[in-house]
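Q: Sharing the feature lines straight out of Swiss-Prot:
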TOPO_DOM  1-49  topological domain 'Cytoplasmic'
TOPO_DOM  71-399  topological domain 'Extracellular'
CARBOHYD  92  N-linked glycosylation site
REPEAT    108-130  repeat '1'
REGION    108-269  region '7 X approximate tandem repeats'
REPEAT    131-153  repeat '2'
REPEAT    154-176  repeat '3'
REPEAT    177-199  repeat '4'
REPEAT    200-222  repeat '5'
REPEAT    223-245  repeat '6'
REPEAT    246-268  repeat '7'
DISULFID  265-395  disulfide bond
DISULFID  268-279  disulfide bond
DOMAIN    274-390  domain 'C-type lectin'
DISULFID  296-389  disulfide bond
BINDING   359, 361, 363, 366, 377, 378  Ca(2+) binding site
CARBOHYD  361  N-linked glycosylation site
DISULFID  368-381  disulfide bond
């Protein structure tokens with residue numbers, strides 16, 4: 001029995017070889033069956049053991065062959081992928097090399113550096129920004145332009161004037177005068193560009209004459225000192241002016257004085273009230289808006305047209321004192337929402353603030369304006385109200 005067991009086990013040893021193609025080591029010993037412990041013998045099972053192991057070995061070998069074939073077929077595709085990536089890298093390197101080849105040569109870079117150096121030196125030598133330098137440059141260009149013009153007695157005279165003006169400008173002391181002359185020169189330059197016409201020459205000559213007069217009026221240094229002292233004294237005097245409240249008080253006193261003077265010279269008819277050069281009549285009876293307009297016209301006046309905030313405050317006070325609703329000369333009869341005075345003038349936007357809250361609301365065809373409480377209200381024009389007429393004062397001497 002021992003010899004037969006050795007003969008059965010011997011073929012299994014052949015399966016211990018290492019398959020090089022797969023790289024996996026298989027040990028079939030691990031698959032040998034262990035004899036089970038029990039009361040019965042396992043001789044029947046061992047009789048079929050070699051056949052099962054052979055079938056299992058063939059199955060594993062077939063799996064290894066399939067794996068090897070898959071790797072063989074996959075190899076060329078991965079190689080082609082690596083090749084394509086190398087091609088892309090090569091193309092990028094080629095493009096980069098071409099771009100580097102297009103860069104400026106060293107001599108070009110040197111040339112650019114020299115240009116920059118020269119430019120830096122030139123910028124460093126630029127003169128400081130001054131109005132006199134600009135004027136001098138303008139005069140130089142202007143002189144060149146005039147020098148190229150056809151010979152003419154008037155042009156020659158202009159050239160001489162410019163020469164003298166150039167000398168005078170070089171000694172200009174005042175910045176304000178420099179600015180004035182610079183502006184004149186700017187206009188003169190524009191005119192010289194259009195010189196061919198005789199009328200333009202005449203215009204330039206007149207400009208030069210005025211410019212020469214302006215230069216001639218520049219004060220000497222001694223005069224400048226005197227003017228400076230005068231300005232200093234004036235500044236001190238301005239500093240001593242009364243404060244704003246004092247100024248307001250003085251203004252009010254002057255206003256009162258003017259009003260008193262007007263009353264002495266100008267009078268209003270009986271039962272009329274004077275205010276700021278006008279006479280106002282406040283009715284004691286009531287009429288509708290249209291009849292109120294007619295009543296004012298009959299006495300040579302107008303249903304009141306308000307021209308200022310002061311006048312509005314004065315009239316509003318007169319109306320509120322008597323607690324009356326009073327017509328004014330304002331309506332939107334011609335076009336709804338467009339308010340207009342009886343003299344044809346439109347209602348100023350600054351006067352919109354005088355409407356009472358929520359007014360005008362056109363509630364029931366309300367097209368005429370009235371003084372109501374502390375502001376204005378729109379009401380139906382056929383309602384009877386008091387009214388105010390306005391006309392200018394008549395100034396005369398007592399008989």
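Positions of Cβ are set from backbone N, Cα and C atoms, glycine also.
Walk me through the surroundings of each of these features.
A: Per-residue pLDDT, averaged over the topological domain 'Extracellular' (71-399), rounds to 75.
Counted within 10 Å of its Cβ, the other Cβ atoms near residue 92 (N-linked glycosylation site) come to 10, all protein chains included.
Listed in sequence order, 274, 279, 393 are the same-chain residues at least 6 apart in sequence whose CB falls under 8 Å from the CB of residue 268 (disulfide bond).
Taking Cβ-Cβ distances under 8 Å and a sequence gap of 6 or more within the same chain, the neighbours of residue 389 (disulfide bond) are 280, 281, 283, 295, 296, 299, 301, 302, 303, 304.
Under DSSP, residue 363 (Ca(2+) binding site) is assigned to coil, being neither helix nor strand in the three-state scheme. Less than 8 angstroms from the CB of residue 363 (Ca(2+) binding site) sits no same-chain residue that is six or more residues away.
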Q: Restricting to the chain of residue 377 (Ca(2+) binding site) and a gap of 6 or more, list residues whose Cβ falls under 8 Å of its Cβ, or answer none.
A: 325, 355, 356, 359, 360, 369, 370
Q: Here are some binding-site residues: 366, 378. Which one has the most Cβ atoms within 10 Å of its Cβ?
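A: Of 366, 378, the one with the most crowded Cβ is 378.
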Q: Rounded to a whole number, how many Å is the Cα of residue 368 (disulfide bond) away from the Cα of residue 92 (N-linked glycosylation site)?
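A: Cα-Cα, rounded: 87 Å.
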Q: Give me the non-local Cβ neighbours of residue 361 (Ca(2+) binding site): same chain, 6+ apart in sequence, Cβ-Cβ under 8 Å, ordered along the sequence.
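A: Long-range Cβ contacts: 378.
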Q: List the residues of the same chain that sit at least 6 positions away from residue 381 (disulfide bond) in sequence and have their Cβ under 8 Å from its Cβ, in sequence order, or write 'none'.
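A: Sequence-distant Cβ neighbours: 288, 289, 290, 331, 333, 367, 368.
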Q: Do you know which of the disulfide-bonded residues 279, 296, 368 has the most other C-beta atoms within 10 angstroms of its C-beta?
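A: Result of the Cβ crowding comparison: 368.
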Q: When DSSP states are folded down to helix, strand and coil, where does residue 268 (disulfide bond) land?
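A: SS state of residue 268 (disulfide bond) = coil.
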